[in-house]
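Chemist: Below is the structure I would like to discuss, written out as structure tokens.
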Amino acid sequence: MSAHGTPIPMTSYASGPLSGEAHVPGDKSISHRSLILGAMAIGETRITGLLEGQDVLDTAKAMAAFGAEVTNHGGGNWSVKGVGVGGFAEPDNVIDCGNSGTGVRLIMGAMATSAITVTFTGDASLNKRPMARVTDPLALFGTQSVGRSGGRLPMTIVGAADPAPVRYTVPVPSAQVKSAVLLAGLNVPGETVVIEQEATRDHTERMLEGFGAEITTEVTDEGRVITLKGQPELKPQDITVPRDPSSAAFPVCAAILTPGSDVLVPNIGLNPTRAGLFTTLREMGADLTYENERVEGGEPMADLRARYSPNMKGISVPPERAASMIDEYPVLSVVAANAEGVTEMRGVKELRVKESDRIDAMAVGLRANGVQVDEGEDWWTVTGLGAGNVPGGATCATHLDHRIAMSFLVLGLCSKQPISVDDGGAIATSFPIFESLMGGLGAKIERT
Ligand code: S3P
């Protein structure tokens with residue numbers, strides 16, 4: 001939905017060749033964390049290249065409600081004057097995190113060990129998503145919470161006035177849960193330890209270190225053991241937000257699927273906890289190359305060059321790669337529909353609790369467009385029809401999920417008949433320039 005709640009139906013048509021450079025927006029995960037850690041530092045953090053998608057704007061508004069001074073200087077340049085660890089004021093009103101699971105879960109963690117009471121809500125998608133995965137570990141610090149049945153928003157959190165440090169093994173592969181516990185641990189005396197059995201995106205750990213916290217990660221038999229020393233004084237930072245590999249996925253896959261295409265997607269972070277899709281596409285036989293490989297701000301980076309790849313093969317995606325490409329399975333399934341043979345995606349139960357049940361949303365839409373999909377609770381397979389052979393012609397429900405909307409619009413660029421989505425409004429949560437960027441490459445995507 002758009003900000004005022006009116007659905008925005010959209011249609012994509014056979015296009016191409018796509019060509020040119022795709023400058024995708026800033027990384028969503030790093031943008032949220034820049035604002036939150038900036039608000040918890042003492043002094044002014046300056047941020048360049050912040051993603052100005054609705055999810056991040058909602059987090060910016062929330063940080064202001066907690067007492068930080070958040071200023072938009074234009075052109076993606078923002079500053080945050082922080083209130084320090086433990087310095088959050090109690091907001092006067094409900095905190096509305098819109099569509100953003102990352103926003104609400106990280107902010108819950110950040111406020112959970114301050115003696116303030118905060119009520120959180122979100123849109124229809126976010127208010128269906130499970131929050132107990134965050135409130136359960138926060139309760140170990142002494143934090144209380146009351147939400148709707150099933151641990152859903154709206155929910156009120158009463159921060160722990162006298163929190164004790166926690167040692168917690170994250171039961172699901174989730175960077176949001178890991179990060180919520182670490183952010184809560186900031187305002188606790190002593191060491192908070194978080195253990196994850198599968199490596200998930202590590203931006204919180206890297207950025208906490210950058211802001212001056214004492215944090216170590218040790219790989220042991222238990223998994224990755226992350227130890228944070230509480231009550232640091234976080235030092236403000238100058239942050240350049242790298243471009244989002246999860247947004248890059250859309251022009252990259254569009255180029256791979258659209259005849260004659262050759263697209264450059266510059267300055268993409270290839271942090272191994274995020275780059276699983278690109279590895280998978282290359283294994284399938286995509287003509288995807290990394291140019292100008294370098295390290296910037298401690299993160300591996302490259303310019304991605306994607307060219308039309310008509311001879312891709314279905315593969316079994318290793319389950320241990322799932323966390324590093326968890327947001328990319330919808331668009332991978334679109335690529336798989338245009339490969340030869342079956343693509344198997346296993347160990348992906350988490351897809352069922354994203355902005356929508358992403359296995360279900362993609363399976364229903366792909367089948368409506370003539371593609372065979374089989375599924376179980378934590379796996380799905382797509383039987384490819386070969387390049388350009390998807391019949392298309394159907395309208396897909398997006399369930400307020402940006403990545404479902406963008407995935408089906410990419411599929412329409414290379415299917416025999418156009419493909420529509422019932423509502424592309426959610427695209428603005430993570431990729432507000434999607435339509436103009438794709439149009440600039442030559443993709444025919446229209447509001448209908
Ligand atoms: C994110 C973590 C992932 C991902 C989300 C962003 C983050 O969610 O799907 O888009 O920034 O920490 P989970 O932690 O639920 O896997």
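Here the Cβ of each residue, glycine as well, is placed from N, Cα and C on the backbone.
Just so you know, TrEMBL annotations are computer predictions that nobody has curated.
Under the heading active site, proton acceptor, TrEMBL lists D327. Taken from TrEMBL, the feature phosphoenolpyruvate binding site covers K28, G101, R129, Q176, R358, R403. Taken from TrEMBL, the feature 3-phosphoshikimate binding site applies to K28, S29, R33, S174, Q176, D327, K354. Feature annotation from TrEMBL assigns domain 'Enolpyruvate transferase' to 15-436. The region 'Disordered' feature in TrEMBL is assigned to 1-25.
So where do these features actually land, and what's packed around them?
Modeler: Every protein chain shown contributes to the tally, and the Cβ of D327 (active site, proton acceptor) ends up with 24 other Cβ atoms within 10 Å. DSSP classifies D327 (active site, proton acceptor) as helix under the three-state reduction.
The Cβ neighbour count for R403 (phosphoenolpyruvate binding site), using a 10 Å radius and every protein chain shown, is 28. In the three-state DSSP classification, R403 (phosphoenolpyruvate binding site) falls within a helix.
The secondary structure of R33 (3-phosphoshikimate binding site), as reduced to three states from DSSP, is helical. There are 25 other CB atoms within 10 A of the CB of R33 (3-phosphoshikimate binding site), with all protein chains counted.
With a threshold of 8 Å between CB atoms, the same-chain residues lying at least 6 positions outside the region 'Disordered' (1-25) that come near it are 51-54, 123, 243-244, 247-248, 250-251, 254-255, 258-268, 308, 395, 400, 405, 408-416, 418-426, 428, 430-433, 435, 437, 440-448.
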Chemist: State the Cα to Cα distance, in Å, between K28 (phosphoenolpyruvate binding site) and K354 (3-phosphoshikimate binding site), rounded to an integer.
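Modeler: Here the two Cα atoms lie 15 Å apart.
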Chemist: Within 10 Å of the Cβ of S174 (3-phosphoshikimate binding site), how many other Cβ atoms are there?
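Modeler: So the Cβ neighbour count for S174 (3-phosphoshikimate binding site) comes to 22.
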Chemist: Given Q176 (phosphoenolpyruvate binding site) and D327 (active site, proton acceptor), what distance in Å do their CA atoms have, once rounded to a whole number?
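Modeler: Rounded to the nearest whole number, the Cα-Cα distance is 13 Å.
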Chemist: For the binding-site residues listed here (K28, R129, K354), tell me which residue's CB has the most neighbouring CB atoms inside 10 Å.
Modeler: K28
Chemist: Any idea what the Cα distance is from S174 (3-phosphoshikimate binding site) over to G101 (phosphoenolpyruvate binding site), rounded to a whole Å?
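Modeler: Computed Cα spacing between S174 (3-phosphoshikimate binding site) and G101 (phosphoenolpyruvate binding site) is 11 Å.
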